Amino acid sequence: MWRWRYVSGRQLHGFRHYKYSAVDTNPLSVYIMQPIWNKIIKIVPLWIAPNLLTFSGFIMILFNYFLISFYDWDYTASGTSPGLVPTWVWLFSAFTTFCAYALDSIDGKHARRTQSSTPLGELFDHGLDSWATSIFVLSFFSVCSCDNGKTGVSVYTMYIYLSIVLFNFMCSHWEKYNTGVLFLPWGYDISQVVLIAAYLLTGTVGVEVWQKPLLFGYYITDLLVILLIGFSLFLSFPQTLYNIHRAHLKKTLKNDSLYEGLLPLVSPLLLFVLLTVWVVLSPSNILAKQPRLFLWMVGVAFSNVICKVIICQMSSTRPELFHWFLFPLALVVYAAISGLLGHMEEAVLGVFTALVTAAHVHYGVCVGRQLSEHLNIYIFSLKKRVQE
């Protein structure tokens, strides 16, 4: 079951020749956070595998997500009934977010410190990041709550917010696919600091702080959405296009044709087209009925699509034109919007979400095992494998 070989022989060969290249120009990261991480890394024992740090951070945010979900499944606890989420949950969220942020920031440093940097480590890191990105956002939605007619944000705004965040993540790795260099997005460090501050503010002042106008009649949630859209449209995406254009001028692009360069975008964009069609044309208004379940499915499906792009980028191979998730998703969306599902739409969403999640976990475990065997290393240990 766990021996399925998702990575082709050509891709395995490509991993052997992969070299990591990244650029970080964010002042917040360079001048404030990096000095902090350099101090924290000194207390990490040398026998701990870097991937263990990465996975520990992911487990913390996953546990925090399920904890918040227990108290606020439908994203209304902080709006219509303030106080249903205990104060300690928000403070715990701030703690787990900071720990995950720290662990994700020092795992690479620890790998270089222990001379254990491998392509598997980078794939493990970025693969979990592709999933964690949505989990961070879905946890934060419980702070601002669904719109109750006065404050909060609508489930449609949540969907747009999540889509923009995932779009930015996709652009970073599409950029790397074409340039060979990962230009670390400024939004990551800023978003982590904002998340931690938001949880601390909610825990110390209460959820009521999100229900009072802050400036010119605008609520904090309104300003955050405006900042996110502005940051994406006027800084992040233009910077991605500029870096690709600059690589083109320097003749360092990894792909010569326009088709090859745009190929990684096809499946992610089709994924969001299908999901948006379902949201807009759903007869039962599925997003409003099951916002947490639907948005979780969006994040998992996106993560699997992007993981395949990351593998192709690292192994210098061509990504597939259509990800296999698109075909069952298209059938489900058609059945839903045509009315064939009827009252079964919510149940089908639940089953489809469970299958997508199980498929993604299976994919991650199998890819990890396959690469660890090929590179003769263990995922969570610094010991070398014994050659058979």
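Cβ coordinates come from backbone N, Cα and C, glycine included.
Taken from TrEMBL, the feature transmembrane segment applies to 43-67, 87-103, 153-171, 214-237, 258-281, 293-311, 323-341, 347-365.
Tertiary proximity for the transmembrane segment (293-311) is limited to same-chain residues at least six positions away from its ends with a CB under 8 Å from its CB atoms, namely 7, 11, 123, 126-127, 130-131, 133-135, 137-138, 141, 158-159, 162-163, 166, 169-170, 173-174, 177, 264, 267-268, 271, 275, 279, 286-287, 317, 319-320, 323, 325, 329, 349-350, 352-353, 356-357, 359-360, 363-364, 367. A Cβ distance under 8 Å defines the sequence-distant neighbours of the transmembrane segment (323-341), meaning residues of its chain 6+ beyond its ends; these are 267, 270-271, 274-275, 277-278, 281-283, 286, 301, 304-305, 308, 348, 352, 355-356, 359.
Fewer than three CB pairs closer than 8 A are found between the transmembrane segment (87-103) and the transmembrane segment (153-171), and contact between the two stretches is not assigned (pairs 6 or more residues apart). Remote same-chain partners of the transmembrane segment (258-281), defined as residues 6 or more beyond its termini with a Cβ less than 8 Å from a stretch Cβ, comprise 156, 159, 163, 167, 170, 173-174, 177-178, 244, 287, 294, 298, 301-302, 305-306, 308-309, 312-313, 318-323, 325-326, 329-330, 332-333, 336-337. Sequence-distant neighbours of the transmembrane segment (214-237) (same chain, 6+ residues past either end, Cβ-Cβ under 8 Å): 144, 151-153, 157, 161, 164-165, 167-168, 171, 185-187, 194.
Long-range contacts of the transmembrane segment (347-365) within the same chain, counting only residues at least 6 positions beyond its ends with a Cβ under 8 Å from a Cβ of the stretch, are 1-2, 4, 6, 127, 131, 286, 290, 293-294, 296-297, 300-301, 303-304, 307, 325, 328-329, 332, 335-336, 341.
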